[in-house]
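The Mg(2+) binding site feature in Swiss-Prot is assigned to Ser102, Asp241, Asp243, Asp245; the stated evidence is sequence analysis. According to Swiss-Prot, the feature phosphoserine maps to Ser102, an assignment based on sequence analysis. Sequence annotations record features per position, and here Swiss-Prot assigns active site, phosphoserine intermediate to Ser102 based on sequence analysis.
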Amino acid sequence: MSNRKYFGTDGIRGKVGDSPITPDFVLKLGWAAGKVLARHGSRKIIIGKDTRISGYMLESSLEAGLAAAGLSASFTGPMPTPAVAYLTRTFRAEAGIVISASHNPYYDNGIKFFSIDGTKLPDDVEEAIEAEMEKPLTCVESAELGRANRIVDAAGRYIEFCKGTFPSEQSLNGLKIVLDCANGATYHIAPNVLRELGADVVTIGCEPNGININEKCGATDVRLLQQRVVEEKADVGLAFDGDGDRVIMVDHLGQKVDGDQILYIIAREALRQGQLRGGVVGTLMSNMGLELALKQLGIPFLRAKVGDRYVLEKLQEEGWRLGAENSGHVILLDKTTTGDGIVAGLQILSAMVRNHMSLHDLCSGMKLLPQVLVNVRFSGSHDPLKSENVINITKSVETELNGRGRVLLRKSGTEPLIRVMVEGEDDVQVTALAHRIADAVKHAG
């Protein structure tokens, strides 16, 4: 992928008030996107957002920029990212825009785009938008200005879509489910989906106030969910992130079930139902235990770079339909065009109903190897990964693992972080080794 000035692996993201997440930049971005997208014919753009307080400001800026370029905006209000992808397709809009920083704190926000078919914008379109950003802003003639409206039934449309991905001959009657919606975009969607399918639903993280999104809740912090599942004697728990494109689950014992385990269960079920096309795609961060478990089932497995867009690219290259990240992004191309936490969770619930098995038992065919991830924040222009000391210590750790584990160092695509991952057979050892490398990264440069 070429070096781009603004777009990262998941759109444009940053701290609100700091460049580039400022009202003037986002207005210019809306205008530039409008200029590029208007060339393709349709003049309607769907705009959704999560529950961050800054969403109001940024959607107004986007609307102004798009209108100046002659495009109209249709607002969904707070809506999961995959819902915007779905609505973009069903409304035949030229593009969808999501205002969200996903799992980040409330003071961050971001802008990401979907194309007319509900997939991430191609690199060349993002590059064209960046090129347009360098030009002076102009305004179309008054008669050609864009308009704005709200899609009043957006939530209901998406709820019905989600329910449609669950087998019609099944129901969730008799299942008690705890939902953690991260005080984010799924707060008014997921509880209704599961209740309408018959579940007894207990909710947490469903009271967004603009600043509590992802705060000690949701897919990135399931401790409260684990506690509530056990307290409520629930069958299962589901946690979504702030924009609803990922899911992490908790079994009836309070044990966390991550994206690798979710991918394993869905792949095994698809194989048993004769619905698995080819193999499945994970990432460089996927646990070795997933690879080994899939190998036992005879299911081909490939690793993509980290990022759901790269999982999707690999699936398209191979002509396969199923992929996931261990963070909980699950892509089911037979049902959706992008990661969808609610839809992925429904497939696991369906497997529980079909097999009359608990989530804990469904996971029993796969053993996760100990894996430790340490995030190290860095600043400045130096690249810690090029430090001679970091390189040497990483090599010594690989020697110590002696072929019975993995080491991965990579830059985050959305934050100024170096992610240090060490995987092996012994939990204590991999923890110590990961922190040894992290200390070297911290002091590099």
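Heads up, the Cβ atoms here are built off N, Cα and C, so glycines get one too.
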Suppose we draw a 10 Å sphere around the Cβ of Ser102 (Mg(2+) binding site). How many other Cβ atoms does it contain, all chains included? 30
Excluding Ser102, Asp241, Asp243, Asp245, which residues of the same chain place their Cβ within 8 Å of the centroid of the Cβ atoms of the recorded Mg(2+) site? Asp50, Pro80, Thr81, Ser100, His103, Gly184, Ala185, Ala219, Phe240, Gly242, Gly244, Arg246, Gly339, Gly341
Once near-sequence residues are set aside, which residues in the chain of Asp245 (Mg(2+) binding site), 6 or more away, have Cβ atoms under 8 Å from its Cβ? Pro80, Thr81, Pro82, Ser102, Asp308, His329, Thr338, Gly339, Asp340, Gly341
